[in-house]
Amino acid sequence: MSQKEQTLMTPYLQFNRHQWAALRDSVPMTLTEDEITRLKGINEDLSLEEVAEIYLPLSRLLNFYISSNLRRQAVLEQFLGTNGQRIPYIISIAGSVAVGKSTTARVLQALLSRWPEHRHVELITTDGFLHPNSVLKERGLMKKKGFPQSYDMHRLVKFVSDLKSGVPQATAPVYSHLIYDVIPDGDKTVAQPDILILEGLNVLQSGMDYPHDPHHVFVSDFVDFSIYVDAPEELLKSWYINRFLKFREGAFTDPDSYFHNYAKLSKEEAVDIATSLWNEINLMNLKENILPTRERASLIMTKSANHSVNQVRLRK
């Protein structure tokens, strides 16, 4: 089978970096270098070039989709003779631990909020919808954090469903990576945003991923556009270990950190522990629960070294 025939058979349009960058058209750069520095993750090299060549074309595409969605809503309101409720456009961002989902989410939030049509862009991570440590310990799931059974999926689905139903406001629990737990009474209020960006390991999962907790509605049912941030397994492992080493010298040194004891490790000991955590927990979760959802995404961004995106696949 020729490459052209294979391309015609795939559900995705495929772009290399140069082809994707050309789709920026004339969209202006609205972020400064200082802003980009604040947006990037602890383990990433995010440059103006990366934002210009990858994220500006993506924000342009999303703006087209969002504008089309608003026109569709207006047609429905005209047909029904109703006043429009503010229904957010929901973008989900999935991918492995350490792949850079949070940076992608923050950059898109910053770029999309600068478009004149939709200023109010909220970002919520699904970490907040993990069961509290007390519940996970009771159920023997502390080593399964991030796996499907560790989430309060009913609460997450209700949160997204409420926003899509046009409720004036909804609350989302907030997770602290410092204390490695959901913050008690730390809920964040989300009030009718134009766009909601939902970032997490589990946002592309569906009923087949939750056989232990059967229910009929899932987060993915409410998502308008989904992004999967992808990278080769060996890079993900390397990024995870490097991030762990940086935390060892930074966040873990805080006496309040759940992982404060890790700050006392030698570099060799830290690498051994990070490698073990990757192999026994994160790699297993990736293979069993995250990677199988990749082909459900509207768009797949594939990263190479230094977290630079070298391929984009867009669902036809």
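For all residues, glycine too, the Cβ spot is worked out from N, Cα and C.
Over in Swiss-Prot, the protein carries these features:
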{"type": "BINDING", "residues": "Gly95, Ser96, Val97, Ala98, Val99, Gly100, Lys101, Ser102", "note": "ATP binding site"}
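Look at the binding-site residues Val97, Ala98, Val99 and count other Cβ atoms within 10 Å of each Cβ; Val97 has the fewest. Between the binding-site residues Gly95, Gly100, Gly95 has the most other Cβ atoms inside 10 Å of its own Cβ, all protein chains included. Taking the mean position of the Cβ atoms of Gly95, Ser96, Val97, Ala98, Val99, Gly100, Lys101, Ser102 as the ATP site, the remaining residues of that chain whose Cβ falls within 8 Å of it are Val229, Leu236, Trp239. Each of the binding-site residues Ser96, Ser102 was assessed for Cβ neighbours inside 10 Å, and the highest tally belongs to Ser96. Counting every protein chain shown, the Cβ of Lys101 (ATP binding site) has 23 other Cβ atoms within 10 Å.
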